[in-house]
Amino acid sequence: MLLDRLKADLAELDTRALRRTRRSLATPCAPHARVDGRDMLAFCSNDYLGLAANPALTRALQTGAVHWGAGCGASHLVSGHYAVHDELEARLAAFVDCERALYFSTGYMANTGTIPALVGRGDAIFADRLNHASLVDGALLSRAELHRYAHGDPAALERALAASSARRKLIVTDAVFSMDGDVAPLATLLELAERFDAWLMVDDAHGFGVLGPGGRGAVAEAGLASWRLIYVGTLGKAAGVSGAFVAGHADVVEWLMQKARTYIFTTGAPPALAETLLASLELIERGDERREHLVGLVALLRRELTLARWQLLPSRTPIQPVLIGDNAEALAVARALWDEGLWVPAIRPPTVPHGTARLRISLTAAHCADDVRRLAQALNRLEAQR
C-alpha cells in the first residue's frame with residue numbers, strides 16, 4: 001500500500017539520521033529565546049542585523065496594518081498592487097543601483113519564477129553546483145539544459161560556456177553560499193557572461209544588508225554594474241521582514257512582471273509588509289555600526305575556536321560552518337550543545353553533499369562577545385571529549 005511505503009520511507013530517514021524536526025519559539029526572533037519550553041542561546045537565525053524584532057519595524061508594521069489593512073485582496077496584476085508596493089520597489093532599485101525592481105512574496109518564488117521567465121527549451125543554464133535549492137528548482141522548471149559546474153570554479157564554467165551552442169545562456173549563482181559562507185567570484189563570472197553573451201543572475205540572499213557599502217550587497221562590494229546582471233535580494237534575512245526582490249535593467253524587470261508565474265499567479269504580499277520594509281531599508285542604510293559589530297564577532301569566533309578534527313570552513317560572512325562529516329555525529333554534537341542551552345543546527349544531506357554534515361553557526365549583530373565565547377568554549381570542549 002502507498003501508506004505503508006511512505007511509512008517505510010520515513011523509517012529510512014530515521015535510519016540514516018536524516019529526519020528533520022521543528023522547534024517552537026515562544027519569544028520574538030533574538031539570540032536569547034524561549035524554545036520548546038527552554039531558555040536557549042540561538043545561533044540559527046539569518047536575522048543578520050538583528051532587525052526582526054526591532055521596535056522601529058514593529059511600529060511600521062502596526063502603522064501599515066492600520067492604514068492598509070491585513071491583506072491586499074488580489075494578485076498584483078489584478079487589484080492587489082498598492083502605492084506602498086510601488087514606493088518599496090523604487091527604493092529597492094535605487095538602493096542596489098538598478099533601473100527597476102520587482103517585489104516577490106518570498107525568495108523561493110523570486111528564483112523559481114525568474115529563471116523560467118528568462119530561459120526555456122533550447123536555452124542553457126550554467127549553475128554553481130552548490131547553489132540554493134530554489135535556484136536548482138527554478139532551473140529544472142525552465143526545461144532549459146542545465147550544466148552544473150564545480151563549486152567556485154570559473155575555469156569549469158568557461159569550458160561549459162565555450163562548448164554550448166544554446167540560443168540563450170544564463171549563469172546562475174549564489175553570491176554568498178548558504179551552507180559554506182564563501183562568496184562567489186562575481187567579477188570573473190560577469191566577465192564570462194560578457195564574453196559568451198550570457199545573463200548573470202546573482203542570488204544575494206545572504207549578502208544583501210550585510211556586505212558592500214551601506215549593506216548594498218555582494219555585487220556592490222565587487223563594484224559591478226551591467227545590464228546583464230539580474231540581482232535577487234532577500235528581505236527576510238538581514239532586512240528582518242519577509243519577501244524578496246529582483247532588480248536589473250528596466251526591460252528585464254518588465255518582462256518578469258509579464259512572465260514570472262510566481263509573481264502573476266499568487267495573491268500579493270500584504271502592503272503592511274512593504275511599509276515595514278521601507279523602515280528596514282532606512283536601518284540597513286544607517287547600519288554600519290551593526291555591520292562592524294558583526295565583522296568583529298566573526299573574527300572573535302574564528303580566533304576562539306581551536307578545533308583539531310572538525311573543520312571550521314573558510315568564511316568571512318556571518319555563516320560559519322563547522323564541518324563534522326558524519327550525519328549521526330553532527331546530530332549528536334547539536335544535541336549536546338542543546339543540552340547546554342546552545343541552539344546550533346546540524347545540516348545534513350540533501351542540503352549539503354554526502355559526507356559533509358556540519359554545524360551551521362549563524363552570527364547576528366544582536367549577539368555579544370560573551371555569547372560567541374560561550375559557544376566557542378563549548379565546541380572546543382565537545383570536540384576534545386569525542
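Glycine is treated like the rest: Cβ placed from N, Cα and C.
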(request) Kindly point out which candidate in H76, H151, H206 is recorded by Swiss-Prot as part of the pyridoxal 5'-phosphate site with G107, Y108, S178, T234. (result) H206
(request) Taking Swiss-Prot at its word that R20, H132 bind substrate, choose the one of T317, T351, T356 listed for that site. (result) T351
(request) Measure from the CA atom of R20 (substrate binding site) to the CA atom of S178 (pyridoxal 5'-phosphate binding site) and give the result in Å, rounded to a whole number. (result) 18
(message) Residues other than G107, Y108, S178, H206, T234 within 8 Å, Cβ to Cβ centroid, of the pyridoxal 5'-phosphate site?
(response) N46, H132, S134, D203, A205, G236, K237, A244
(request) Take the C-alpha atoms of H132 (substrate binding site) and K237 (N6-(pyridoxal phosphate)lysine) and report the distance between them in angstrom, rounded. (result) 15
(message) Neighbour count, 10 Å Cβ-Cβ cut-off, for H132 (substrate binding site): what number do you get?
(response) 22
(request) Could you measure between K237 (N6-(pyridoxal phosphate)lysine) and R20 (substrate binding site) for me? Cα positions, answer in whole angstrom. (result) 22
